[in-house]
Amino acid sequence: MRKKIVAGNWKMNMTYEEGQKLTSEIVNMFKDEAVKNVQVVLNPPFPHIYPVKKLIGDTEGIFMGSQNCSDKESGAFTGEVSAKILASFGVQFVILGHSERREYFKESNELLSAKVKQALAHGLTPIFCCGESLEIRNAGTHEANVKFQLTESLFDLSPEDFSKVVIAYEPIWAIGTGKTATSDQAQEMHLALRRHIASKYGKEIADDTSILYGGSANPGNAKELFSKPDVDGGLIGGASLKSRDFIDIVKSF
Ligand code: PEP
């Protein structure tokens with residue numbers, strides 16, 4: 001059975017105090033409201049990892065994530081953070097290939113392939129993002145586009161390694177825009193991705209792969225999105241910065 005996952009992407013937001021407050025509220029609501037059967041992943045900026053991890057403590061169901069890692073193992077790469085270092089601080093998940101990294105930091109499919117391998121080598125679960133621009137959607141090549149992103153960055157993994165990867169489908173036109181994909185659009189793309197995975201790794205691995213939706217998800221639309229058979233959760237940006245909204249999304253299955 002594939003896992004249901006809701007991951008919060010804080011992006012470059014939250015001071016130390018704000019991050020501590022947000023995490024405490026999320027942990028308390030998660031416990032008080034007895035949330036079950038969903039994995040929650042918090043992905044703050046790097047400096048928050050140690051103190052946020054401390055607040056999560058041994059809370060079952062809440063996991064520590066980060067927003068990026070290096071494609072290199074270690075060495076003279078000033079400003080970079082390796083998967084090895086993250087793992088040593090108790091990080092369990094890492095977002096890779098977010099469209100903001102692809103666009104602003106020119107991360108290529110090839111670079112992302114190396115990052116995924118670093119993450120897996122150190123026991124981190126990659127949350128691998130794919131998604132099309134509005135231009136590509138309007139041209140009608142959105143399905144081919146996301147399949148290509150998976151093929152190029154993931155399809156040289158062994159079946160065993162691939163089965164450790166989580167996919168996030170994030171149409172770029174829906175990220176931070178308030179313009180959510182309809183649940184039918186999300187379902188169509190998630191199914192296409194699952195079939196593409198099955199064509200390479202077989203039905204069993206494809207059926208077990210968690211595919212999250214990302215793009216202006218909020219407490220008002222999460223239930224409808226998560227009701228679709230191939231939508232296994234969400235990668236949440238803006239709404240992950242408000243504890244009540246985030247927990248309401250987590251409870252939307
Ligand atoms: C994201 O950054 O992954 C994201 C989905 O952002 P938002 O929810 O703000 O659209």
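Every residue gets a Cβ built from N, Cα and C, even glycine.
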Same substrate site per TrEMBL - residue from Ser158, Ser216, Ser252 joining Asn9, Trp10, Lys11, Gly176, Gly237, Gly238: Ser216
Residue with minimal Cβ packing [other Cβ atoms within 10 Å] among the recorded positions Lys11, His98: Lys11
Rounded to the nearest Å - Cα separation of Trp10 (substrate binding site) and Glu170 (active site, proton acceptor): 15
Protein Cβ atoms within 10 Å of Asn9 (substrate binding site), excluding its own: 26
